[in-house]
Amino acid sequence: MMRIALFLLTNLAVMLVFGLVLSLTGIQSSSVQGLMIMAGLFGFGGAFVSLLMSKWMALRSVGGEVIEQPRNETERWLLDTVRRQSQQAGIAMPQVAIYQAPDINAFATGARRDASLVAVSTGLLQNMSRDEAEAVIAHEISHVANGDMVTMTLIQGIVNTFVIFISRLIAQVAAGFLSGDRDNEGSSSGNPMVYFAVSMVLELVFGILASIITMWFSRHREFHADAGSARLVGREKMIAALQRLKTSYEPQEAGNLMAFCINGKSKSFSELFMSHPPLDKRIEALRSGEYLK
């Protein structure tokens with residue numbers, strides 16, 4: 001990472017704010033071509049705003065503390081492990097953070113492969129063996145090395161563009177129809193309140209439905225991150241880490257970082273909206289070597 005992830009929520013919020021500003025100021029495109037250009041600018045804008053703010057938002061949301069100087073043996077081990085694995089993966093040393101949480105979890109984020117952040121919960125450090133913790137860290141390092149955040153941003157930008165475009169196109173038609181406006185250029189000169197209400201509702205609804213696409217991508221990348229971890233530290237360590245996760249309870253990152261957290265349990269949504277495949281499927285994929293080929 002279905003519980004809408006922080007990345008998706010931020011995109012949705014940016015899209016709605018842009019839509020509100022456009023509607024209130026009357027800055028509305030007068031043609032389909034203009035609408036598409038506007039949708040593209042704002043659609044990708046929302047995605048890249050989320051990407052650029054990702055480290056700050058992630059640390060703020062969990063109360064994470066970046067390790068500047070290790071204060072104990074555990075922090076030294078954590079820094080050494082991240083440094084070693086990042087060198088193996090061919091990326092720059094990420095920032096490393098710890099956050100207070102009883103559950104076993106970790107996440108990676110950042111705008112670039114060489115400017116990333118890896119954070120782990122205190123629950124992970126306390127309840128996992130060193131081998132299992134190494135596998136989880138390698139999973140997050142693999143997310144960074146694979147460029148998953150940037151790829152997610154590009155996919156989200158495309159999805160945002162179509163959500164904004166289709167929502168506002170329908171809103172223009174609805175506003176014109178209800179006001180009796182038959183502007184051949186598709187102008188939104190109809191009822192402005194109808195245009196505003198319809199476009200806001202549709203952007204919200206289509207944005208949630210479009211998360212099916214981004215969640216499919218997230219699930220796909222989880223298999224590859226698991227495989228990346230297996231290459232860095234060994235298949236059995238990653239399998240052991242996933243098996244340990246099966247015994248842990250539901251993570252408490254409250255829907256905010258699930259798209260890139262290691263723990264992907266979900267009971268509230270169907271698999272279409274899950275950011276992670278079920279743990280059993282991930283274990284089976286590792287055992288079969290499907291993503292290691």
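The count begins at 1 with the first shown residue.
Backbone N, Cα and C atoms are what each Cβ position is placed from, and that goes for glycine too.
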Co-listed Zn(2+)-binding residue [Swiss-Prot; alongside His139, His143] among Glu65, Glu222, Glu236: Glu222
Cα-to-Cα gap, Glu222 (Zn(2+) binding site) vs Glu140 (active site), nearest whole Å: 10
His139 (Zn(2+) binding site): tally of other CB atoms within 10 A of its CB: 29
